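As structure tokens, the structure follows; a few thoughts come after it.
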């Protein structure tokens, strides 16, 4: 029977795993809280959420099956060696359960909060449907011979593919908007910490067992951590370098042409016949433009919380299918 050779490494493995659990689990909350504060999901890509649900559901099936099923554990040891530890820990199962629940909750926010003109794309629906259809076919194939390890490996592969795909819509959306407003950077920072800690946890097990089998025995977890690190670094670059707050303030399409932002102010916004008009209704500090308009808009929408905009609340506007955040009233 597989066992740890070092008590210290076993404790380190558990500590790293549970820190990774809390980091990855808490990474869901900044976006949920941001949606709640803004009463809006504008800036959050819906395709990301749908693909994320498919990803975490698949990962939950893999983790729970390998962790709880003695039959699947037997098949694993027959394939990789009877002295090998199971590459799924309790924190992996706990995280998967939590991730599915929080993803469902975030999807529910899409239904109740302002969402502009965005919808789930046909390509997203097609990809998700294809993933679940493939899983069903594999279940039918695996059932007669009880090839359960192979079956859950399929679900593990699905979560790896979904992880790679799910980030792409949000990356492209940020690029298209030249902004990360509405997309919480807090969840990315926590996500990155979780990914690095997962690498550390697997490395500790590998050192103790003097083998790297766990890295390819649970190739899904290995690739997941790698994907998380790569995409999180990209999101961090988008938020702090490519589309940082300073660069957004220098954009040409701002409500005020003043050189200095007022300390306190509010705007009244009106949309009529594809024209956005605004008028300053309160201000203190240096002089600012009192009114203006943007015309020739298509598919125009504005957040419900866009009627009055004190400092830091944000003005979220869609036009021409693109999201803009007007930075004299957004943070």
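Note that Cβ sites are derived from N, Cα and C of the backbone, with glycine treated the same way.
Whatever TrEMBL says is automated annotation, not expert-curated.
According to TrEMBL, the protein carries these features:
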{"type": "TRANSMEM", "residues": "15-36", "note": "transmembrane segment"}
{"type": "TRANSMEM", "residues": "88-112", "note": "transmembrane segment"}
{"type": "TRANSMEM", "residues": "124-142", "note": "transmembrane segment"}
{"type": "TRANSMEM", "residues": "148-168", "note": "transmembrane segment"}
{"type": "TRANSMEM", "residues": "180-202", "note": "transmembrane segment"}
{"type": "TRANSMEM", "residues": "222-243", "note": "transmembrane segment"}
Of 15-36, 124-142, 148-168, 180-202, 222-243, whichever stretch has the most CB pairs under 8 A to the transmembrane segment (88-112): 15-36
Criterion met for the transmembrane segment (124-142) and the transmembrane segment (15-36) (at least three Cβ pairs under 8 Å): no
Within-chain partners of the transmembrane segment (180-202) [C-beta distance under 8 Å, separation at least 6 from its ends]: 13, 16-17, 19-21, 23-24, 26-31, 33-34, 38, 40-45, 87, 89, 170, 173-174, 214-215, 218, 221-222, 224-226, 228-229, 232-233, 235-236, 238-240, 243, 248, 314, 316, 323, 325, 330
